[in-house]
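> Dumping what Swiss-Prot says about this protein:
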| type | residues | note |
| --- | --- | --- |
| BINDING | Thr14, Arg18, Thr268, Gly311, Gly412, Asn416 | ADP binding site |
| BINDING | Thr14, Arg84, Glu85, Tyr136, Asp246 | sn-glycerol 3-phosphate binding site |
| BINDING | Thr14, Thr15, Ser16, Thr268, Gly311, Gln315, Gly412 | ATP binding site |
| BINDING | Arg84, Glu85, Tyr136, Asp246, Gln247 | glycerol binding site |
Amino acid sequence: MTEQKYVVALDQGTTSSRAVVLDHDANIVSVSQREFTQIYPQAGWVEHDPMEIYATQSSTLVEALGKAGIRSDEVAAIGITNQRETTVVWNKETGKPVYNAIVWQCRRTAAICEELKERGLESYIRDNTGLVLDPYFSGTKIKWILDNVEGAREQAEAGQLLFGTVDTWLVWKMTQGRVHVTDYTNASRTMLFNINTLQWDEKILAEFNIPLSMMPEVKKSSEVYGQTNIGGKGGTRIPIAGIAGDQQAALYGQMCVQAGQAKNTYGTGCFLLMNTGQEKVTSHNGLLTTLACGPRGEPAYALEGAVFMGGASIQWLRDELKLISDARDSEYFATKVDTSNGVYVVPAFTGLGAPYWDAYARGTIVGLTRGVNSNHIIRATLESIAYQTRDVLDAMQADSGIKLSALRVDGGAVANNFLMQFQADVLDTEVHRPKVTEVTALGAAYLAGLAVGFWDGLEELQGKAEIDRSFKPHHDEEKRQRRYKGWKRAVKCAQAWAVLHNEEE
């Protein structure tokens, strides 16, 4: 029998599908990545083609192994991590989606959310799912598909349709339709899963008019769900043994498995998660209570705050404003000036996430004077990422009663030393950047590897989490508070835009 030397993480993100191959020492041996189409049918709507998601993801798996000359029988397990909340509904007989995947960023169900609030469901949903009633989560997206796609409601009632977040869709496709599962972390993002009983909530399903028969079976984040065949007939069968939503996978990859440990992922959006262990902490500050992975992939509780526009605001500087030609240039231009010259950018392009939850706020630049140049705007845009992170972290510390000793960071923007230092200064907290910043993939790989005995346990993995650099805060308190007050004022301006609009109508 061939020695199994590798674990593969499939990282299905918002803009690209990736495959990351790790060896036993948790070193990255090979990476393959493919972007796929972003579909914007109308303002505020975002979709993906589920078939393209599967095609790009399966081809990166083959590519990553091929690049490194790794045979499929050398792979011990596959772990999956995915963009969360994004919703796929498909016909189980034909295997075809009835509609495009509705992406987490999509705001089309805002009116459905308003209607559910009017029906008095808000507090029940909050208490039992840990989430706020917002278009972000899967529940209203499924309802929209059933209500708006011709024939979907009838097929659903007849038991022909299945729902899945992206992990569920990939596993179903990879096992030729044999396995319809998700894990606790992804289930907890649907707004349909009761985090007290750890079951699908039949009251919410009934209120949304979604048949229980559509829902996947919910399992731990680290166990063998099924096997996939690589290399066609007579190929190798490899266990799919780990699933976690991208943010929970990153939390696990950062080894935040104990209560009070927290991380921030700077991706398209920013996502802060704090593990609260077996204690369900209810937020009074606009955060979500959600499920994360305990030490062995069993469900644990966490607090989460989502910032919708993190790296996406740097892309906006590049693609729409054309102030930079490469996202990496943002640090260079931001450091050409000493301050943002009184400018604040509030990148509320799709509303504001935690702790504000204002779907109607819009992007705003305030404090413009004649002396402001493009470098100030670039700097203020980077600073907005750090300010939004502080908004969330302040709320987390208030809810949990835990003062954070250090923040672990990951994601594309952590390569930006200016942003990391400014983040430490704004928070007055050390920021730790790990050597391996692919922590989302690491988390999925760890969960899969542990399930099949590729690694013995957490102690072995914790020895692999090395820090590349610690950023220590070095600002005086008066300056910190003054700047942050200015940010809070700027946010009020972004929120006032919609309020004033409503008053005029």
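Heads up, the Cβ atoms here are built off N, Cα and C, so glycines get one too.
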> For the binding-site residues listed here (Tyr136, Gln247, Gly412, Asn416), which one has the lowest count of neighbouring CB atoms within 10 Å of its own CB?
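Comparing Cβ neighbours within 10 Å for the binding-site residues Tyr136, Gln247, Gly412, Asn416, Gly412 has the fewest.
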> Consider each pair of residues in Thr14, Arg84, Glu85, Tyr136, Asp246, all listed by the record as binding sn-glycerol 3-phosphate, and report the largest Cα separation in Å as a whole number.
15
> So which binding-site residues are near Arg84 (sn-glycerol 3-phosphate binding site), with CA atoms within 10 Å, out of Thr14, Thr15, Gln247, Thr268, Gln315?
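Near Arg84 (sn-glycerol 3-phosphate binding site) by Cα: Thr14, Gln247.
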> Please give the greatest C-alpha separation between any two of the glycerol-binding residues Arg84, Glu85, Tyr136, Asp246, Gln247, in angstrom, as a whole number.
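Binding-site diameter by Cα atoms for glycerol: 15 Å.
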> Find the shortest Cα-Cα separation between Glu85 (sn-glycerol 3-phosphate binding site) and the binding-site residues Thr14, Thr268, Gln315, and name the residue that gives it.
Thr14
> Reduced to three states, what secondary structure does DSSP give Arg18 (ADP binding site)?
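DSSP call for Arg18 (ADP binding site): strand.
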> Hey, what's the Cβ neighbour count for Thr268 (ADP binding site) at 10 Å?
21
> Relative to the Cβ position of Glu85 (sn-glycerol 3-phosphate binding site), how many further Cβ atoms are located within 10 Å?
26
> For Ser16 (ATP binding site), which residues of its chain lie six or more apart in sequence with Cβ-Cβ distance below 8 Å?
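The list for Ser16 (ATP binding site) reads Gln33, Arg34, Glu35, Phe36, Thr56, given in order along the sequence.
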> Counting every protein chain present, what is the number of Cβ atoms, excluding its own, within 10 Å of the Cβ of Thr15 (ATP binding site)?
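For Thr15 (ATP binding site), the 10 Å Cβ neighbour count is 16.
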> Just the number: how many Å between the Cα atoms of Gly311 (ADP binding site) and Tyr136 (sn-glycerol 3-phosphate binding site)?
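Pair distance, Cα basis, whole Å: 18 Å.
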> If you count CB neighbours within 10 Å, which one among the binding-site residues Thr14, Gln315 has the smallest count?
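Across Thr14, Gln315, these binding-site residues, the one with fewest Cβ atoms within 10 Å is Gln315.
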> With H, G and I counted as helix, E and B as strand and the rest as coil, say where DSSP puts Gly311 (ADP binding site).
helix
> Quick one: pull the CA-CA distance for Gln247 (glycerol binding site) versus Thr268 (ADP binding site), whole Å only.
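About 12 Å separates the two Cα atoms.
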> Around Gly311 (ADP binding site), how many other CB atoms lie within 10 A of its CB?
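That number is 21.
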